[in-house]
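Quick look at what Swiss-Prot annotates:
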{"type": "BINDING", "residues": "Asp35, Gln43, Tyr48, Ala88, Phe122, Asp289, Thr330", "note": "FAD binding site"}
Amino acid sequence: MVDYVTDIVVIGAGPIGIFTVFQSGMLSMQCCVIDSLNEIGGQCVALYPEKPIYDIPAYPIITAKELINNLVEQSKPFDPQYLLGQVAEKIEEYIDYLLVKTNYGTVIQCKAIIIAAGSGAFGPNRLPVDNIIDFENKSVFYSVKQISDFYDKSVMIAGGGDSAADWAVELSKVTKQLYMVHRRKNFRCSPNTSLKLDDLFQRGKINLVVPYQIKQLCGKDGKLDYVVVKNITTSEELTLQVDYLLPFFGTSANLGPILNWGITISGYQIVIDPATCRTNRNRIYAVGDVSTYPGKIKLILTGFSESAMACHDIYHIVYPNSPLNFQYSTSKGIPKV
């Protein structure tokens, strides 16, 4: 039994997936969007909704959440069907269509599939401390939903990559006390962010705790009181008063069932034709960070371009007897789907 019939199934409700809804709608094609998360936005919303983004055309600065909100608003005229909290598990190929089956047993009939899954289904790498679960989502968080939550608080950031460095810079503006714990003195972040960190360290806006790692969390009923850190060289221990802990050790991601679909994979990315974004399988496309080809640049705007190319190629599948006469959106307006 088929639950939904649509033109394109989009796998992934991140920025590229949402923009695909708009691009397909501009070509009078409908979309059904599947995402394993329970909200629209992918990693942008789940991990860093307030993180500033600087390389979106016409926006000198925009937060990840604002970007998602704008993309959702832009795609609204095309009334997409979102299937959230579901995973696309199986694909069945027929002469004129595909069937997509989710882990909930939902069946969608479509003309084509666009995989816009980013890094795939993901979750944060947990801090290796025995009682970490007792504090998660209470005083230990793997993402920042609202910067205002940390106003005038004592906060510890653990990690040495881009996320840890970027959030240290941002949260130093609002916290009462900010600790940055890392195993090494060097941070793996952009040169510009590194300069900002050095300045904040010098001015005492951030307390640098290196080379240390977190040993123990102390508190009651999910509320942190203290964090014990241990020097990895001398074994010296420090007990620091902390209200919130933000571990940024990256995420673990995988393509899940997509790996079983007979699609050519290289380094956990889907190999595509850069001119059309087709995979090696009939009617299946991939766009955004999940896709790869020689010279690929992993930027959001690259994904937007790939989405447009894939939709234009799929148009000929959905409307085989209707030639595509290209028009600029200024002349065309918003079509009715």
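Quick reminder: no glycine exception, Cβ is built from N, Cα and C everywhere.
Everything Swiss-Prot records as a feature, shown here on the structure.
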residue: Asp35; record: FAD binding site; Cβ neighbours (10 Å): 25
residue: Gln43; record: FAD binding site; Cβ neighbours (10 Å): 20
residue: Tyr48; record: FAD binding site; Cβ neighbours (10 Å): 21
residue: Ala88; record: FAD binding site; Cβ neighbours (10 Å): 26
residue: Asp289; record: FAD binding site; Cβ neighbours (10 Å): 24
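DSSP assigns Tyr48 (FAD binding site) to coil in the three-state reduction, outside any helix or strand. Taken residue by residue with DSSP, Ala88 (FAD binding site) is part of a strand. DSSP assigns Asp35 (FAD binding site) to a strand in the three-state reduction.
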